[in-house]
Every structure is written in C-alpha cells, then in structure tokens.
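First up is the structure itself, then whatever we jot down about it.
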Amino acid sequence: MAVHWEDRLQEPEPTVNPTAGPHENPYLIGVGRADCTGPPGDVPLMGYANLEQTAAGIHTRLFSRAFIVDNGSKRVVFVTADIGMVSQRLRLEVLKELEVKYGILYRQDNVILSGTHTHSGLGGYFQYTLFMITSKGYIKPSIKAIVNGIVKSIDIAHRSIKPGRIYMSKGELEESNLNRSPHSYLNNPAEERNKYKSNTDKQVTLLKFTDLDGDGMGMLSWFAVHAVSMNYTNQMVSSDNMGYASYLLEQEKNIGFLPGEGPFVAAFASSNLGDASPNIRGPFCANTGLPCDYLNSSCPIGGLKMCVALGPAGSDMFNNTKIIGENIFKRAKDLYGKARQEVRGPLHAAHQWVNMTDVTVQLNSTHTGRTCKPALGHSFAAGTTDGGGDLNFTQGAVEGDPFWDGIRDALLGAPSNETQDCHQPKPILFSTGEMTWPLPWHPSIVDVQIITIGPVAIVAIPGEMTTMSGRRIREAVKQELEAQGTFSNAEVVVAGLCNIYTHYITTYEEYQIQRYEGASTIYGPHTLSAYIQKFRGLAKAIAEVRTTYLNVLFQPTLPKGPEPPFFKDSQLFSLLPAAAVDKKPINTTFGEVLERVDSEYTVGDVASVTFVAGNPRHSGDIRDKTFVTVEKYHNSTAHWDVVHTDASWETRFHWVKNGAESNATIEWHIPLSAQAGSYRIRHFGHYKQRKGFLETVIMAYEGVSDVFRVSKIKSNY
C-alpha cells in the first residue's frame, strides 16, 4: 500500500499563531531519551583506536537525548548521544529513518546530531576505511542500536511536544578540565590569549526547558572536556563523566524511576574539547612519578607509553569519572535553579555540505590559502597524555622518520608533493586523501550547520575543536549574526562532534607545533579559517532572513553543496567474525552460579557473584533490557522489587571470555543510601548452541544469586 507524506506524520502537528507576542505564543517543546547501547561483547570501543580494547560488559548504559523546539512555523532538533562521535554514515542512516517516518519534517538542515565523546562507547558505525580499520569494520548490530536509539529519542520527543518555555543560564566550572597541549596553546598570539583567563574554556552554558506551569521538562548544557575519565584499559561500555552527570540529574529529578526512565531529560553535550582533558593532575611518568617532558609528553625511560595524565583520584578511573561527573552535575544543577533569562524569538536553521579538500580562504586583503586533501601527521601516532601510542612516535614532530616513512611508502604509497606542500609543516604519516582502497580513507564532503533558538546559536562542529579554535568560531559567528542588527547579545554555543567526524581542528598557530591535535587536523593548516568562513556564511544567511518582515516563515537560501556518498552495505567490510557457539564447563548449566555471594554485607561493601554465561552478542537488540538486576525483598508484599539494573552506576557487569567459554561477574557497589534488608542479584543472557550438524539456535537463560542481607552497620558476628 502506498504511503502518502501526510500519513507519515504520526500525529497532527500543533499550530500556534506566529504573530502573537512571546508570552501569548510560547515555544512548543518536546524532550526524549532512549537507550542506544549495542552489543557489549567483542566489539571495539571507539576513541582510543586500540583494537584490543573490545567491549567486555557494561559499566553504564548509553543513551540518546533529544530536544525539539517549535514556534508554530519552524522546528529545530538537537540530539546528543553517549557515543564517541557522530559519523557521516550514522547521520545519513538516521535521516533516512526519519524521512520514512515523518517525511520532510526532520531534515539535514534542522536536525543536529552530537556525540558526548565517551571513549567507552561501541565502534563499528563508520563508512570510511581508516575508521573501519580501527573499529573492526562496519558492524551492523552496533550501528543499528545507535540509529534506533537516536530515532526513538526523537520519536519520544515528538510525541511529548507541548507548550513551554526555555531559560538560559551561564557560569564557570573550575577544576574539571586541563589543557593537555599547553605548548601549542602558547603559540597563539599573546594579545589573543590575554583576553582569556585560562587556556581551557570554563564556561557551562545551559538551557532549561519547562512547561507553562514552570515544571521542569529537561535541561541541555555544554561544557568543554574530553570524556576520557575511563581510560584505555577499560573494557566496559560506559557513558563516562558526561553520562554520569546526566545520570545524577535525571535520578534526582525522576524520583522513583530506574535509570533511563522517567520524563525529565538531562543532557550534557560536548563543546570545544579538543585540548581539554579531565585528567586535571596532569601528565606524569608512571615509572618515576616525575612530570613528563613538557614539549613532547614523553618519559626518559619508557617513552610515550609511560607518560600518563592523572585525574583527580589519580589512576582510579571509576573515581575520576565520578568526581568530574559530579563537578559537572553540581554546576549544572546550580545554574538550572538560577535560570531566569527567558529565551524568545524566531527559530532558524542553515546547513551546507562543503568539499573541505578544496576551500579557498581569504587570509587578508592580499593573500589567500586553501585547504588540503586529508592527511595525518607523524604525531597522530604518538597519541595524547590521555592515551599514548605504542610505537616510537613523539608529539611535536615536524620532521618525518625514514624508517616509518619507508614502511608507509612500501605498503601504502608516498604522499604526493602537492599534498606534502599543502600540509606544511606537518610530516605526513598517512596521506589518507590519496588512499581510496577499498573505500576512501577519510571524508571529503563535510556538514556545516547552525540552528538558532531566539538569540541562542548552536554551531554544529564536525570534529574536535581546540579551546582557541572554539573561541574564534564563537566570536566570528556572533559578529556575523549581530552585523545586520537583527540579533542583539547573541549567545553562540559550540557543539562538538556533530554530524560527521573529521578528527581535530586547531588554530593555524597551534598547527605549527604539530602535537597530536595539529597532526590530526586533516585538512591542513587553514582548516579553522575555512570553517570560520563557512560558518560566517551560514550566520549571515540566517541574519539576513531575520531582516525580512515574514522571517518566521522563510528559511535561509543557501547552495546545498555536493552531497556525501552513501556506500552500499555490500561495499563496507567487517573484520569482526560471527560469535561462536557457546561452551560451558562440564556438569554446569548456563546461568549457574560459579562464585557465590557472601551471606551478609554492609553499605559501602561490594557484593559479587559469578555465573556461567553466554556471549552478550547472542542477546541481539539489548536496548531497554538488562543483563543485571539487583532486587530487594519486601516482607509486606512478599515480592522482589528491582532497585538497580545494568544502567545503574552502582552495578558492574563484567563479561570474561576464556576461549569458547565465558563467565559473567556481577558487582553491586552497595551505596550508603541502600536500605537494610534481603537482596538478590539476577543475571539474564543468551547462549548459542548447535542444533544438528549445520544449524544453531539461540537460547535464553537466567541465573540468580543466593539471598544475602545488607545492613547499615557491620555485624559483630
């Protein structure tokens, strides 16, 4: 049966008279949250580019959080998901799904997709060769979970739309980020640096969403810090520090709901975090305790790998995550309570696709520059103080290495003279823009996008901008918006890791130093200037539309630009083999307890139980489900109530693989707030077994621990 566009809109769209005043005509607001956790077994985690860092359980679940704002004639959407970054493939698949459901209501120009930049989310959702190599290819169950989670969060927001108001609040947050490349930052002009009191952005910008009664619907904030408190040794899926901040605020607002449930949505989105680390104690040599070399972040003995930045709790990544997440949560909670400045005014959206390999930049009245075909420098392989490389590369390399260059030339081919000249002073390690087998190694076509809600302009950055790069973008967009006189006191927000991933974006001056961030600025030294030029163009188009009498009805008219490729599934590859048939120890069953809980615990203790388990990949779509429950017995009802799931901060699901056999160890870190009483821990999963010679079948199983007591004080017996 044919489906008409009108039929795809699942419900009538609310209408509001666009000529009414702001108090008579509030915004229409929708908020939504949905699970986007993929298979927490065998799939590489995305962020540290370490193929051995594969998922082996769940620390916290991953969620997509969506915010829809409508003024009766236009609609904009901002989504932030607990993933490393939004890839081009992910965005294109999400937009295709939205088109099937809603026709032209949600489009590339009015929907921004952003990633929190957790390095403990799942990979496998890219279509360019470099990213596929570092995450074992295109992994359908992984990308499907993220696409479906994002779309579902938008569905929920769409269905929840009602009249409401938006308030903005801003404030500083100290002791939560540190510049990990201060030497690069110092290469920016002194007069520019003198305008700022810190070499990282401390500002938290927050939007508070309420209904017309003033009851909170949600909160969206931006802060510049890498979500790398969970370090490169972690193998559990985790939303990291930003996700923990969301967890805390949502748990506080959604009383009586389990994590991931309840109407209030709290999102902590990424910003210009390129050089901003949560490891605020800075880099030290792990073997000596002495500070690392300032210029190249290495150690006299052990080199780069020994140079490790420490968080506020030292090397304890769980406490580091907790401390940074709590800091962000507390500041946001304070700003949320103080938010009084109402956001009013028209909505606008502007978007273009840009060929970032061929942008001519007007540097001054007499000189131009241009962007380059993508390439990564030698210092890219050095990594950062948040996770160093394994080989003998160093940060700050402005000359190549004959040994590694020779290997590259033999295996991949040498960079062309044109590309080498364009990227100077970067010594090119991989000339990815000239590598096209089996598919292009890096994107050429990139999204640039801005949405405005009244005076608030959200700039969708397709990568990781450094502190000063973000400041320059904010200043340029603000200047352009206000030049026409249609914006006053524009508040420009840099939203990071949006729509497509293009690594880093440094300033021209930082690029000259060629630390990791500069070496990973793939379109060359004029990358930032090109983005400023393009975002200025979007801002100008929005400002000019607002000068028209009927601005509420018109969208900026901009050239669409060259569309990006959408490669067929048959062109993509996967390096992740199918999960094998599960085996178990002799005389056991799946779900059977191998290591029992103790009979009694005190709050603050850790209850632990180990089960015979199957591969979590066999559980299929795990969204809105759980591998774990912690349950409390109620004498009055003779019923077991679930008090925690695997989405809870207090639980940890460790999947331990030993050949074809595997175990699941469930930990419950009993909080001080736990009530005294009787508890049990349950584990749910699936295993694959053979059925006949060629067929296999997936079977569900569950296991349950012994009942144990939790008390507020330790027993003397």
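Glycine too: its Cβ is placed from the backbone N, Cα and C atoms.
Just so you know, TrEMBL annotations are computer predictions that nobody has curated.
On a predicted model such as this, the values are computed, not experimentally measured, just so you know.
The feature region 'Disordered' is assigned by TrEMBL to 1-24.
Per TrEMBL, the feature compositional bias 'Basic and acidic residues' maps to 1-11.
The domain 'Neutral/alkaline non-lysosomal ceramidase N-terminal' annotation in TrEMBL covers 27-533.
The annotation Zn(2+) binding site is assigned in TrEMBL to His117, His226, Glu464, Tyr504. Taking a C-beta cut-off of under 8 angstroms and a sequence separation of 6 or more, His117 (Zn(2+) binding site) has the following same-chain neighbours: Gly47, Gly84, Met85, His226, Ala227, Met242, Ser270, Leu273, Glu464, Gly496, Leu497.
Ser277 (active site, nucleophile): 23 other CB atoms within 10 A of its CB, across all protein chains. Here TrEMBL flags Ser277 as active site, nucleophile.
The annotation domain 'Neutral/alkaline non-lysosomal ceramidase C-terminal' is assigned in TrEMBL to 555-710.
Within 8 Å of the Cβ centroid of the Zn(2+) site, not counting the listed residues His117, His226, Glu464, Tyr504, the chain contributes Ser270, Leu273, Gly274, Gly463, Gly496, Leu497. The two recorded residues, Ser277 (active site, nucleophile) and Tyr504 (Zn(2+) binding site), show a Cα separation of 14 Å.
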